[in-house]
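A.B. asks: I am attaching a structure below and will ask some questions about it afterwards.
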């Protein structure tokens, strides 16, 4: 049976998602879990594939992989028990004939989180420049053979203390979303206007936009037009999520206090 799994991960521990010899990657951990369960012996013969690669430090809410196995029940029941705590499956589907997680995707959605957004309304207005089909050469590495991409939706909204850039497209170039985020961040800080994005999309490429830091990026969703059966998160991953949240809330508070002006008087009695 050709099984598809939707899964999430924190990207900070991995050297990207794509399999690399002697390096810890998301694919390497997933394939290792499949081998441990004897779902297949050779990942190539099992046609193991993912929807696309994410760089080191990039996270995923909805990555997708598929592979052939004659033990589908074992895969569905046990994968979450043997995967590391920072990778967990959230759904599964019996993949239709001809399915490939990369080439069968109808669209992909990414979110980029800005911790100090500035003018979010200006960022949202500038994000509309990305809509439609454009040459994104200025927003990707040099040498991409076909730099044209079609953006289906693009917006910036506020989520608590963060501004979130959410973009949906048929496909994306390497580092494209992070480069788009760089320009929106500049707009939010008043360092650029929406017209500069329009010029980068239509004019000759005189310079390429630098990519924003990877830790703010999440592969948010991939649409295949097929239903996935939800899978419950296992206890280990649930604890890991809670522990990470508590740690970062604590560190945010400590960092805020350490960043205060040292000339302020100490709190009495301490």
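Using N, Cα and C of the backbone, Cβ positions are placed for all residues, glycine too.
Swiss-Prot lists 55 with the feature active site, nucleophile. Summarising the annotation, Swiss-Prot assigns substrate binding site to 110.
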A.B. asks: For the recorded positions listed here, 55, 110, which shows the highest count of neighbouring CB atoms within 10 A?
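C.D. replies: Highest number of other Cβ atoms within 10 Å: 110.
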A.B. asks: Given the residue listed as 'active site, nucleophile' and residue 110 (substrate binding site), what distance in Å do their CA atoms have, once rounded to a whole number?
C.D. replies: 13
A.B. asks: Quick check: in three-state DSSP terms, what is residue 55 (active site, nucleophile)?
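C.D. replies: Once the DSSP labels are grouped into three classes, residue 55 (active site, nucleophile) ends up as coil.
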